[in-house]
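K.L.:
Can you read through this structure? Questions will come right after.
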Amino acid sequence: MFRYLSLIKSQGGNGGPGILRRSFQTESRRPNLKKFLKKTKRDTVDHTSRDSILQKEIAIALQQASTGLTLEDIKISDANIKKFLFSRDRPKLILEDVPIIYQTSEGDGLGIAQTDEGNTMILKIAKTIPGDRVKVEIKRNYEYYAEGLALSLNKKSQLRKDDLILCEKFDVCSGCQLQMLPYDEQLNFKRNIIKRAFNMYYPELKLDEDIVVVDSPFQYSYRTKLTPHSSYLKHDRLLRVGFNGIDHRSIVDITNCPIASRSINNRLPSLRQSIRNKIITKLDNNERIRDETYILRESIRVDHKTGEFDNVCLTDYKNVVTEKIEDNVFQFPASEFFQNNNSILPEILNYVKYHLHNSGAENLVDTYCGSGFFAISLSKEISGKVFGIEISNSSIKYATHNAKLNGIQVPDKIQFIQGKADEMFHNAEFLNSGIKGDNSVVIMDPSRKGSNDNFLKQLLEFEPEMIIYISCNVFTQARDLANFAKLQDSNSYYSKYRVKDITGFDFFPQTKHVETVSVLEKV
(Lines of atoms letter the chains of each structure in order from A and count residues from 1; the text may use other names and numbers.)
(Lines give C-alpha, C1' and ligand atoms only; values in the text may rest on other atoms or scores of the structure.)
Protein backbone atom coordinates (compact mmCIF):
# COMPACT_ATOMS: atom_id res chain seq x y z
CA MET A 1 0.00 0.00 0.00
CA PHE A 2 2.57 2.57 1.10
CA ARG A 3 4.24 3.95 -2.03
CA TYR A 4 5.61 7.25 -0.72
CA LEU A 5 9.16 6.94 -2.04
CA SER A 6 8.14 6.15 -5.61
CA LEU A 7 5.66 9.01 -5.59
CA ILE A 8 8.25 11.47 -4.36
CA LYS A 9 10.63 10.57 -7.18
CA SER A 10 8.12 10.44 -10.04
CA GLN A 11 7.72 13.22 -12.58
CA GLY A 12 5.51 14.04 -15.50
CA GLY A 13 2.21 12.21 -15.90
CA ASN A 14 -0.80 12.36 -18.13
CA GLY A 15 -1.47 16.02 -17.54
CA GLY A 16 0.96 17.37 -20.10
CA PRO A 17 4.70 18.05 -20.37
CA GLY A 18 6.40 20.02 -17.68
CA ILE A 19 3.78 19.32 -15.02
CA LEU A 20 5.70 17.62 -12.24
CA ARG A 21 4.69 15.90 -9.07
CA ARG A 22 6.29 16.74 -5.76
CA SER A 23 6.16 15.19 -2.32
CA PHE A 24 3.44 16.47 -0.03
CA GLN A 25 6.04 16.89 2.72
CA THR A 26 7.28 20.28 1.46
CA GLU A 27 6.15 23.28 3.48
CA SER A 28 6.31 26.82 2.14
CA ARG A 29 5.49 28.72 5.32
CA ARG A 30 6.86 28.59 8.84
CA PRO A 31 3.98 28.43 11.30
CA ASN A 32 3.89 30.68 14.34
CA LEU A 33 3.93 28.79 17.67
CA LYS A 34 1.45 31.09 19.42
CA LYS A 35 -1.00 30.85 16.53
CA PHE A 36 -0.42 27.11 16.33
CA LEU A 37 -1.26 26.58 20.00
CA LYS A 38 -4.13 29.05 20.15
CA LYS A 39 -7.61 27.58 19.96
CA THR A 40 -9.80 28.87 17.19
CA LYS A 41 -12.95 30.69 18.22
CA ARG A 42 -15.06 27.77 17.10
CA ASP A 43 -12.96 25.31 19.12
CA THR A 44 -13.55 27.31 22.29
CA VAL A 45 -17.31 27.77 21.93
CA ASP A 46 -18.41 24.77 19.87
CA HIS A 47 -17.92 21.32 21.32
CA THR A 48 -18.60 19.78 17.90
CA SER A 49 -15.49 21.30 16.29
CA ARG A 50 -13.13 18.78 14.71
CA ASP A 51 -10.55 19.36 17.43
CA SER A 52 -13.11 18.78 20.18
CA ILE A 53 -14.39 15.60 18.54
CA LEU A 54 -10.84 14.29 18.10
CA GLN A 55 -10.08 14.88 21.78
CA LYS A 56 -13.17 12.88 22.73
CA GLU A 57 -12.12 10.11 20.36
CA ILE A 58 -8.60 9.99 21.82
CA ALA A 59 -10.11 9.64 25.30
CA ILE A 60 -12.30 6.77 24.05
CA ALA A 61 -9.29 5.09 22.42
CA LEU A 62 -7.33 5.30 25.68
CA GLN A 63 -10.25 3.75 27.53
CA GLN A 64 -10.76 0.95 25.01
CA ALA A 65 -7.05 0.12 25.18
CA SER A 66 -7.38 -0.22 28.98
CA THR A 67 -4.53 2.22 29.58
CA GLY A 68 -6.13 3.83 32.61
CA LEU A 69 -4.91 7.17 31.23
CA THR A 70 -6.70 10.46 30.66
CA LEU A 71 -6.02 13.23 28.16
CA GLU A 72 -4.00 15.13 30.73
CA ASP A 73 -1.76 12.09 31.23
CA ILE A 74 -0.69 12.13 27.56
CA LYS A 75 -0.49 15.90 27.11
CA ILE A 76 2.51 16.99 25.05
CA SER A 77 4.60 19.87 26.38
CA ASP A 78 4.95 23.14 24.49
CA ALA A 79 8.68 22.44 24.19
CA ASN A 80 8.06 19.16 22.37
CA ILE A 81 5.43 20.79 20.18
CA LYS A 82 7.90 23.51 19.21
CA LYS A 83 10.64 20.96 18.54
CA PHE A 84 8.63 19.48 15.66
CA LEU A 85 7.02 22.69 14.48
CA PHE A 86 9.51 23.82 11.84
CA SER A 87 10.43 21.40 9.08
CA ARG A 88 14.06 22.53 8.77
CA ASP A 89 14.80 22.03 12.45
CA ARG A 90 12.63 19.04 13.30
CA PRO A 91 14.38 15.87 14.48
CA LYS A 92 13.88 12.72 12.45
CA LEU A 93 12.05 10.41 14.81
CA ILE A 94 10.89 7.05 13.50
CA LEU A 95 8.87 4.50 15.46
CA GLU A 96 9.41 1.01 14.08
CA ASP A 97 6.14 -0.71 15.05
CA VAL A 98 3.00 1.18 16.06
CA PRO A 99 -0.30 -0.71 16.52
CA ILE A 100 -3.45 1.06 15.27
CA ILE A 101 -6.18 0.74 17.89
CA TYR A 102 -8.95 3.09 16.76
CA GLN A 103 -10.35 4.87 13.71
CA THR A 104 -11.47 8.49 14.04
CA SER A 105 -14.55 10.00 12.43
CA GLU A 106 -12.14 11.70 10.00
CA GLY A 107 -11.04 8.25 8.84
CA ASP A 108 -7.54 8.40 10.36
CA GLY A 109 -6.08 5.65 12.51
CA LEU A 110 -5.00 6.28 16.10
CA GLY A 111 -1.84 4.44 17.12
CA ILE A 112 -0.40 4.02 20.59
CA ALA A 113 3.29 4.02 21.47
CA GLN A 114 5.70 4.50 24.36
CA THR A 115 8.25 7.31 24.45
CA ASP A 116 11.85 6.85 25.58
CA GLU A 117 10.79 8.33 28.92
CA GLY A 118 8.15 5.63 29.34
CA ASN A 119 5.19 7.88 28.61
CA THR A 120 2.26 6.87 26.42
CA MET A 121 1.79 8.73 23.15
CA ILE A 122 -1.17 8.73 20.76
CA LEU A 123 -0.39 9.15 17.07
CA LYS A 124 -2.86 10.13 14.35
CA ILE A 125 -1.88 8.39 11.11
CA ALA A 126 -3.72 8.82 7.84
CA LYS A 127 -4.70 5.80 5.69
CA THR A 128 -4.46 3.31 8.56
CA ILE A 129 -7.18 1.22 10.20
CA PRO A 130 -7.50 -0.75 13.46
CA GLY A 131 -5.45 -3.93 13.30
CA ASP A 132 -2.66 -2.41 11.19
CA ARG A 133 0.86 -2.20 12.57
CA VAL A 134 2.98 0.47 10.89
CA LYS A 135 6.41 2.04 10.80
CA VAL A 136 5.84 5.73 11.49
CA GLU A 137 7.76 8.98 11.23
CA ILE A 138 6.55 11.70 13.59
CA LYS A 139 5.90 14.87 11.59
CA ARG A 140 4.34 17.21 14.13
CA ASN A 141 3.18 17.30 17.75
CA TYR A 142 -0.13 18.68 18.97
CA GLU A 143 -1.54 19.09 22.45
CA TYR A 144 -2.79 15.53 22.91
CA TYR A 145 -1.37 13.61 19.97
CA ALA A 146 1.38 13.45 17.38
CA GLU A 147 0.79 13.48 13.65
CA GLY A 148 2.58 10.58 12.03
CA LEU A 149 3.44 9.57 8.48
CA ALA A 150 3.16 5.85 7.76
CA LEU A 151 6.39 4.74 6.07
CA SER A 152 5.57 1.05 5.70
CA LEU A 153 3.02 -1.51 6.74
CA ASN A 154 4.40 -4.18 9.09
CA LYS A 155 1.15 -6.08 9.50
CA LYS A 156 -2.19 -5.68 7.76
CA SER A 157 -5.53 -5.49 9.49
CA GLN A 158 -7.85 -8.35 8.59
CA LEU A 159 -10.23 -5.72 7.19
CA ARG A 160 -7.66 -4.23 4.80
CA LYS A 161 -7.97 -5.14 1.11
CA ASP A 162 -5.38 -3.04 -0.72
CA ASP A 163 -6.26 -4.57 -4.08
CA LEU A 164 -9.52 -2.57 -3.91
CA ILE A 165 -7.63 0.74 -4.12
CA LEU A 166 -8.19 2.34 -7.53
CA CYS A 167 -6.43 5.68 -7.04
CA GLU A 168 -2.67 5.79 -7.58
CA LYS A 169 -2.46 8.80 -5.22
CA PHE A 170 -4.66 7.33 -2.48
CA ASP A 171 -1.74 7.13 -0.03
CA VAL A 172 -0.98 10.85 -0.21
CA CYS A 173 -4.26 12.55 -1.20
CA SER A 174 -6.66 13.59 1.56
CA GLY A 175 -9.78 13.27 -0.62
CA CYS A 176 -10.60 9.62 0.13
CA GLN A 177 -10.00 7.71 3.34
CA LEU A 178 -11.61 4.27 2.89
CA GLN A 179 -10.61 2.79 -0.47
CA MET A 180 -8.76 -0.06 1.28
CA LEU A 181 -12.01 -1.25 2.90
CA PRO A 182 -14.65 -3.48 1.26
CA TYR A 183 -17.84 -1.51 0.71
CA ASP A 184 -19.77 -3.35 3.43
CA GLU A 185 -17.07 -2.32 5.90
CA GLN A 186 -17.28 1.28 4.71
CA LEU A 187 -21.00 1.26 5.48
CA ASN A 188 -20.27 -0.30 8.87
CA PHE A 189 -17.74 2.46 9.59
CA LYS A 190 -20.37 5.10 8.80
CA ARG A 191 -22.97 3.28 10.88
CA ASN A 192 -20.57 3.41 13.83
CA ILE A 193 -19.88 7.12 13.26
CA ILE A 194 -23.61 7.86 13.55
CA LYS A 195 -23.75 5.91 16.82
CA ARG A 196 -20.60 7.65 18.07
CA ALA A 197 -22.00 11.11 17.34
CA PHE A 198 -25.22 10.48 19.25
CA ASN A 199 -23.38 8.80 22.13
CA MET A 200 -21.20 11.90 22.41
CA TYR A 201 -23.80 14.64 22.03
CA TYR A 202 -27.20 13.07 22.69
CA PRO A 203 -26.54 10.09 24.99
CA GLU A 204 -30.09 10.26 26.38
CA LEU A 205 -31.38 9.00 23.03
CA LYS A 206 -31.23 5.23 22.88
CA LEU A 207 -30.34 4.37 19.29
CA ASP A 208 -31.39 1.23 17.49
CA GLU A 209 -28.36 -1.05 17.23
CA ASP A 210 -29.22 -1.78 13.60
CA ILE A 211 -29.02 1.72 12.15
CA VAL A 212 -29.38 1.55 8.39
CA VAL A 213 -26.93 3.29 6.07
CA VAL A 214 -28.37 3.25 2.55
CA ASP A 215 -25.69 2.33 0.03
CA SER A 216 -24.89 4.41 -3.03
CA PRO A 217 -25.81 2.88 -6.41
CA PHE A 218 -22.30 3.82 -7.57
CA GLN A 219 -19.18 3.47 -5.43
CA TYR A 220 -16.91 5.14 -8.01
CA SER A 221 -17.43 7.68 -10.83
CA TYR A 222 -20.31 9.24 -8.90
CA ARG A 223 -19.05 12.68 -7.98
CA THR A 224 -20.39 15.50 -10.18
CA LYS A 225 -18.18 18.28 -8.81
CA LEU A 226 -14.46 18.69 -8.19
CA THR A 227 -12.60 21.78 -6.98
CA PRO A 228 -8.89 21.16 -7.64
CA HIS A 229 -6.25 23.63 -6.51
CA SER A 230 -3.15 24.80 -8.33
CA SER A 231 0.15 25.47 -6.63
CA TYR A 232 3.35 26.74 -8.22
CA LEU A 233 6.54 27.23 -6.22
CA LYS A 234 8.97 29.48 -8.05
CA HIS A 235 12.17 28.13 -6.50
CA ASP A 236 11.72 24.64 -7.96
CA ARG A 237 9.42 25.56 -10.90
CA LEU A 238 6.96 22.75 -10.15
CA LEU A 239 3.28 23.08 -10.92
CA ARG A 240 0.77 20.88 -9.14
CA VAL A 241 -2.95 20.70 -9.88
CA GLY A 242 -4.93 18.56 -7.51
CA PHE A 243 -6.11 18.24 -3.94
CA ASN A 244 -4.80 18.76 -0.43
CA GLY A 245 -2.27 16.21 0.72
CA ILE A 246 -2.73 14.22 3.91
CA ASP A 247 -0.57 16.80 5.67
CA HIS A 248 -3.18 19.47 4.69
CA ARG A 249 -0.32 21.84 3.85
CA SER A 250 0.47 20.94 0.25
CA ILE A 251 -1.14 19.97 -3.03
CA VAL A 252 -0.98 16.46 -4.50
CA ASP A 253 -0.80 16.44 -8.29
CA ILE A 254 -3.82 14.63 -9.77
CA THR A 255 -4.38 13.54 -13.37
CA ASN A 256 -7.43 11.36 -12.70
CA CYS A 257 -9.90 11.02 -9.82
CA PRO A 258 -11.69 7.63 -9.66
CA ILE A 259 -14.66 8.93 -7.66
CA ALA A 260 -15.33 11.74 -10.16
CA SER A 261 -17.72 11.29 -13.06
CA ARG A 262 -16.47 10.33 -16.50
CA SER A 263 -17.16 13.76 -17.99
CA ILE A 264 -15.07 15.44 -15.28
CA ASN A 265 -12.12 13.09 -15.77
CA ASN A 266 -12.33 13.62 -19.53
CA ARG A 267 -12.12 17.39 -19.00
CA LEU A 268 -9.38 17.40 -16.36
CA PRO A 269 -6.34 17.03 -18.70
CA SER A 270 -7.32 20.05 -20.81
CA LEU A 271 -7.94 22.11 -17.66
CA ARG A 272 -4.47 21.20 -16.41
CA GLN A 273 -2.96 22.23 -19.74
CA SER A 274 -4.78 25.58 -19.71
CA ILE A 275 -3.51 26.23 -16.17
CA ARG A 276 0.03 25.42 -17.30
CA ASN A 277 -0.28 27.81 -20.26
CA LYS A 278 -1.58 30.51 -17.92
CA ILE A 279 1.41 30.03 -15.60
CA ILE A 280 3.87 30.22 -18.51
CA THR A 281 2.29 33.48 -19.72
CA LYS A 282 2.56 35.01 -16.27
CA LEU A 283 6.18 33.92 -15.96
CA ASP A 284 6.98 35.50 -19.32
CA ASN A 285 5.36 38.75 -18.14
CA ASN A 286 7.00 38.62 -14.69
CA GLU A 287 3.55 38.58 -13.07
CA ARG A 288 2.87 37.26 -9.60
CA ILE A 289 1.53 33.70 -9.56
CA ARG A 290 -1.08 32.93 -6.94
CA ASP A 291 -2.44 29.58 -5.83
CA GLU A 292 -5.95 29.21 -7.22
CA THR A 293 -8.99 26.95 -6.93
CA TYR A 294 -10.83 25.75 -10.02
CA ILE A 295 -14.13 24.02 -10.61
CA LEU A 296 -15.20 21.07 -12.71
CA ARG A 297 -18.94 20.48 -12.59
CA GLU A 298 -21.00 17.99 -14.54
CA SER A 299 -24.08 19.28 -16.33
CA ILE A 300 -26.50 17.89 -18.87
CA ARG A 301 -26.68 19.31 -22.38
CA VAL A 302 -30.06 18.90 -24.04
CA ASP A 303 -30.62 18.50 -27.78
CA HIS A 304 -33.82 20.50 -28.19
CA LYS A 305 -34.55 18.86 -31.54
CA THR A 306 -34.51 15.27 -30.27
CA GLY A 307 -34.99 15.77 -26.53
CA GLU A 308 -31.92 13.63 -25.87
CA PHE A 309 -29.17 14.81 -23.53
CA ASP A 310 -25.60 14.00 -22.66
CA ASN A 311 -23.25 14.89 -19.83
CA VAL A 312 -20.72 17.69 -20.20
CA CYS A 313 -18.24 19.30 -17.81
CA LEU A 314 -18.32 23.02 -17.02
CA THR A 315 -15.26 24.88 -15.70
CA ASP A 316 -16.49 28.42 -15.08
CA TYR A 317 -17.99 29.39 -11.71
CA LYS A 318 -20.48 31.59 -13.60
CA ASN A 319 -21.75 28.73 -15.77
CA VAL A 320 -25.30 27.54 -15.18
CA VAL A 321 -25.53 23.83 -14.37
CA THR A 322 -28.51 21.74 -15.46
CA GLU A 323 -29.39 18.57 -13.53
CA LYS A 324 -32.24 16.10 -14.03
CA ILE A 325 -33.37 14.22 -10.92
CA GLU A 326 -36.23 11.81 -11.57
CA ASP A 327 -38.85 13.86 -13.47
CA ASN A 328 -37.59 17.30 -12.44
CA VAL A 329 -34.97 19.58 -13.97
CA PHE A 330 -32.87 21.93 -11.84
CA GLN A 331 -30.63 24.80 -12.85
CA PHE A 332 -28.21 26.71 -10.64
CA PRO A 333 -24.84 28.52 -10.90
CA ALA A 334 -21.82 26.23 -10.83
CA SER A 335 -20.63 28.05 -7.71
CA GLU A 336 -23.83 27.23 -5.76
CA PHE A 337 -24.37 24.18 -3.56
CA PHE A 338 -26.12 21.12 -4.96
CA GLN A 339 -25.66 17.51 -3.94
CA ASN A 340 -22.72 15.90 -5.76
CA ASN A 341 -23.96 12.31 -6.04
CA ASN A 342 -27.06 12.24 -8.20
CA SER A 343 -27.33 8.45 -8.14
CA ILE A 344 -28.48 8.34 -4.50
CA LEU A 345 -30.87 11.31 -4.59
CA PRO A 346 -33.90 9.19 -5.60
CA GLU A 347 -33.21 6.99 -2.55
CA ILE A 348 -33.33 9.88 -0.10
CA LEU A 349 -36.39 11.32 -1.84
CA ASN A 350 -38.25 8.01 -1.48
CA TYR A 351 -37.35 7.90 2.20
CA VAL A 352 -38.64 11.44 2.81
CA LYS A 353 -41.78 10.78 0.74
CA TYR A 354 -42.59 7.73 2.87
CA HIS A 355 -42.50 9.74 6.10
CA LEU A 356 -44.23 12.71 4.48
CA HIS A 357 -47.19 10.52 3.50
CA ASN A 358 -47.38 9.03 7.00
CA SER A 359 -47.53 12.49 8.57
CA GLY A 360 -50.90 13.33 7.03
CA ALA A 361 -49.74 16.95 6.69
CA GLU A 362 -50.97 19.22 3.90
CA ASN A 363 -48.11 21.76 3.75
CA LEU A 364 -44.34 21.59 3.49
CA VAL A 365 -41.89 24.13 4.90
CA ASP A 366 -38.36 23.80 3.48
CA THR A 367 -35.79 25.72 5.50
CA TYR A 368 -32.24 26.11 4.13
CA CYS A 369 -33.90 25.31 0.78
CA GLY A 370 -31.05 26.19 -1.61
CA SER A 371 -32.15 26.11 -5.25
CA GLY A 372 -35.30 24.20 -4.31
CA PHE A 373 -34.37 20.54 -4.67
CA PHE A 374 -36.47 19.10 -1.83
CA ALA A 375 -39.27 21.65 -2.08
CA ILE A 376 -39.80 21.06 -5.80
CA SER A 377 -39.22 17.29 -5.72
CA LEU A 378 -41.80 16.86 -2.93
CA SER A 379 -44.36 19.42 -4.11
CA LYS A 380 -46.53 16.77 -5.81
CA GLU A 381 -46.66 14.70 -2.62
CA ILE A 382 -48.78 17.18 -0.66
CA SER A 383 -52.20 18.71 -1.22
CA GLY A 384 -51.36 22.12 0.22
CA LYS A 385 -48.56 24.64 -0.25
CA VAL A 386 -44.77 24.50 -0.22
CA PHE A 387 -42.81 27.36 1.33
CA GLY A 388 -39.02 27.65 1.17
CA ILE A 389 -36.47 30.05 2.65
CA GLU A 390 -32.77 30.49 1.93
CA ILE A 391 -30.27 33.21 2.87
CA SER A 392 -28.73 33.32 -0.63
CA ASN A 393 -30.66 35.64 -2.93
CA SER A 394 -29.18 33.91 -5.98
CA SER A 395 -30.43 30.53 -4.74
CA ILE A 396 -33.93 31.93 -4.23
CA LYS A 397 -33.99 33.28 -7.78
CA TYR A 398 -33.02 29.88 -9.13
CA ALA A 399 -35.44 28.05 -6.83
CA THR A 400 -38.29 30.17 -8.21
CA HIS A 401 -36.98 29.66 -11.75
CA ASN A 402 -36.79 25.88 -11.19
CA ALA A 403 -40.35 25.74 -9.89
CA LYS A 404 -41.59 27.46 -13.05
CA LEU A 405 -39.31 25.29 -15.19
CA ASN A 406 -41.07 22.21 -13.80
CA GLY A 407 -44.56 23.60 -14.28
CA ILE A 408 -45.33 24.37 -10.63
CA GLN A 409 -47.52 27.40 -9.95
CA VAL A 410 -45.68 30.26 -8.25
CA PRO A 411 -46.67 31.52 -5.69
CA ASP A 412 -49.98 29.63 -5.38
CA LYS A 413 -48.48 26.15 -4.99
CA ILE A 414 -44.89 26.98 -4.11
CA GLN A 415 -43.19 30.13 -2.82
CA PHE A 416 -39.58 30.96 -2.03
CA ILE A 417 -38.30 33.90 -0.01
CA GLN A 418 -34.84 35.22 0.79
CA GLY A 419 -33.96 35.40 4.47
CA LYS A 420 -32.36 33.71 7.43
CA ALA A 421 -33.83 30.36 8.41
CA ASP A 422 -33.80 31.32 12.09
CA GLU A 423 -36.09 34.25 11.28
CA MET A 424 -38.43 32.32 8.99
CA PHE A 425 -41.33 31.70 11.34
CA HIS A 426 -41.58 35.44 12.09
CA ASN A 427 -41.24 36.45 8.42
CA ALA A 428 -44.16 38.58 7.22
CA GLU A 429 -44.51 36.73 3.90
CA PHE A 430 -44.55 33.41 5.71
CA LEU A 431 -47.13 34.61 8.24
CA ASN A 432 -49.31 35.91 5.40
CA SER A 433 -49.21 32.51 3.69
CA GLY A 434 -51.50 31.10 6.35
CA ILE A 435 -49.40 27.96 6.85
CA LYS A 436 -49.84 26.56 10.35
CA GLY A 437 -47.72 24.02 12.14
CA ASP A 438 -50.52 21.59 12.88
CA ASN A 439 -50.88 20.68 9.20
CA SER A 440 -47.24 21.00 8.10
CA VAL A 441 -43.97 19.14 7.84
CA VAL A 442 -40.73 21.10 8.27
CA ILE A 443 -37.56 20.05 6.43
CA MET A 444 -34.30 21.46 7.74
CA ASP A 445 -31.08 20.91 5.80
CA PRO A 446 -28.45 23.24 7.28
CA SER A 447 -24.75 23.49 6.49
CA ARG A 448 -22.11 21.49 8.38
CA LYS A 449 -22.22 23.86 11.33
CA GLY A 450 -25.83 22.84 11.97
CA SER A 451 -28.68 24.94 13.28
CA ASN A 452 -28.94 27.26 16.30
CA ASP A 453 -31.06 27.73 19.41
CA ASN A 454 -33.01 30.65 17.94
CA PHE A 455 -34.24 28.54 15.03
CA LEU A 456 -34.97 25.54 17.26
CA LYS A 457 -37.01 27.70 19.64
CA GLN A 458 -39.12 29.07 16.77
CA LEU A 459 -39.49 25.55 15.39
CA LEU A 460 -40.86 24.37 18.73
CA GLU A 461 -43.28 27.30 18.83
CA PHE A 462 -44.45 26.52 15.27
CA GLU A 463 -45.38 22.97 16.36
CA PRO A 464 -45.27 21.13 13.01
CA GLU A 465 -46.66 17.62 12.68
CA MET A 466 -43.25 16.28 11.69
CA ILE A 467 -39.65 17.50 11.43
CA ILE A 468 -37.22 15.97 8.93
CA TYR A 469 -33.64 16.98 9.71
CA ILE A 470 -31.17 16.26 6.89
CA SER A 471 -27.52 16.70 7.84
CA CYS A 472 -24.07 16.39 6.30
CA ASN A 473 -22.55 16.50 9.81
CA VAL A 474 -24.08 13.98 12.19
CA PHE A 475 -22.21 15.48 15.17
CA THR A 476 -23.91 18.88 14.86
CA GLN A 477 -27.18 17.10 14.11
CA ALA A 478 -26.93 15.12 17.36
CA ARG A 479 -26.08 18.32 19.25
CA ASP A 480 -29.08 20.14 17.73
CA LEU A 481 -31.50 17.32 18.54
CA ALA A 482 -30.22 17.23 22.12
CA ASN A 483 -30.73 21.00 22.40
CA PHE A 484 -34.21 20.64 20.90
CA ALA A 485 -35.06 18.03 23.54
CA LYS A 486 -33.86 20.39 26.30
CA LEU A 487 -36.04 23.17 24.88
CA GLN A 488 -39.05 20.86 25.07
CA ASP A 489 -38.24 19.95 28.68
CA SER A 490 -38.10 23.63 29.65
CA ASN A 491 -41.26 24.63 27.73
CA SER A 492 -44.14 22.41 28.85
CA TYR A 493 -46.65 24.60 26.98
CA TYR A 494 -45.58 23.29 23.56
CA SER A 495 -45.96 19.88 21.94
CA LYS A 496 -43.43 17.14 22.55
CA TYR A 497 -41.52 15.29 19.85
CA ARG A 498 -39.86 11.92 19.68
CA VAL A 499 -37.16 10.75 17.31
CA LYS A 500 -38.99 8.27 15.11
CA ASP A 501 -36.11 7.19 12.89
CA ILE A 502 -32.48 7.90 12.02
CA THR A 503 -31.09 6.65 8.72
CA GLY A 504 -27.75 7.25 7.03
CA PHE A 505 -27.19 7.72 3.30
CA ASP A 506 -23.80 7.09 1.72
CA PHE A 507 -23.51 10.11 -0.55
CA PHE A 508 -19.71 9.81 -0.73
CA PRO A 509 -18.37 6.24 -1.01
CA GLN A 510 -14.63 5.78 -0.34
CA THR A 511 -14.71 8.79 2.01
CA LYS A 512 -15.45 9.43 5.68
CA HIS A 513 -18.63 11.40 4.95
CA VAL A 514 -22.14 10.21 5.72
CA GLU A 515 -25.44 12.05 5.26
CA THR A 516 -27.93 11.45 8.07
CA VAL A 517 -31.70 11.98 8.13
CA SER A 518 -33.55 12.16 11.44
CA VAL A 519 -37.35 12.11 11.56
CA LEU A 520 -39.15 13.64 14.55
CA GLU A 521 -42.88 13.25 15.02
CA LYS A 522 -45.25 15.03 17.35
CA VAL A 523 -46.23 12.89 20.34
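Using N, Cα and C of the backbone, Cβ positions are placed for all residues, glycine too.
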K.L.:
Hey, TrEMBL has S-adenosyl-L-methionine bound by GLN339, TYR368, GLU390. Any idea which of ASP253, ASP445, ASP453 it lists too?
P.N.:
ASP445
K.L.:
To see if you understand the setup: which same-chain residues, six or more apart in sequence, place their Cβ under 8 Å from that of ASP445 (S-adenosyl-L-methionine binding site)?
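P.N.:
Expected: ASP366, THR367, TYR368, CYS369, GLY370, PHE374, TYR469, ILE470, SER471.
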K.L.:
For GLU390 (S-adenosyl-L-methionine binding site), name the DSSP secondary structure in the helix/strand/coil scheme.
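P.N.:
Where GLU390 (S-adenosyl-L-methionine binding site) sits, the three-state DSSP reduction gives strand.
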K.L.:
Can you give me the residues near the recorded S-adenosyl-L-methionine site, meaning same chain, not GLN339, TYR368, GLU390, ASP445 themselves, Cβ no more than 8 Å from the center of the site's Cβ atoms?
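P.N.:
Not counting the recorded site residues, we get PHE337, ASP366, CYS369, GLY370, PHE373, PHE374, PRO446, ILE470.
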K.L.:
Tell me the Cα distance separating GLU390 (S-adenosyl-L-methionine binding site) from CYS472 (active site), rounded to the nearest angstrom.
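P.N.:
Counting only the Cα atoms, the answer is 17 Å.
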K.L.:
Might you list, by sequence position, any residue in that chain lying six or more from GLN339 (S-adenosyl-L-methionine binding site) with a Cβ less than 8 Å away from its Cβ?
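P.N.:
LEU345, PHE373, PHE507 - these are the non-local Cβ neighbours of GLN339 (S-adenosyl-L-methionine binding site), listed in sequence order.
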K.L.:
Including all protein chains displayed, how many Cβ atoms other than that of GLU390 (S-adenosyl-L-methionine binding site) lie within 10 Å of its Cβ?
P.N.:
26
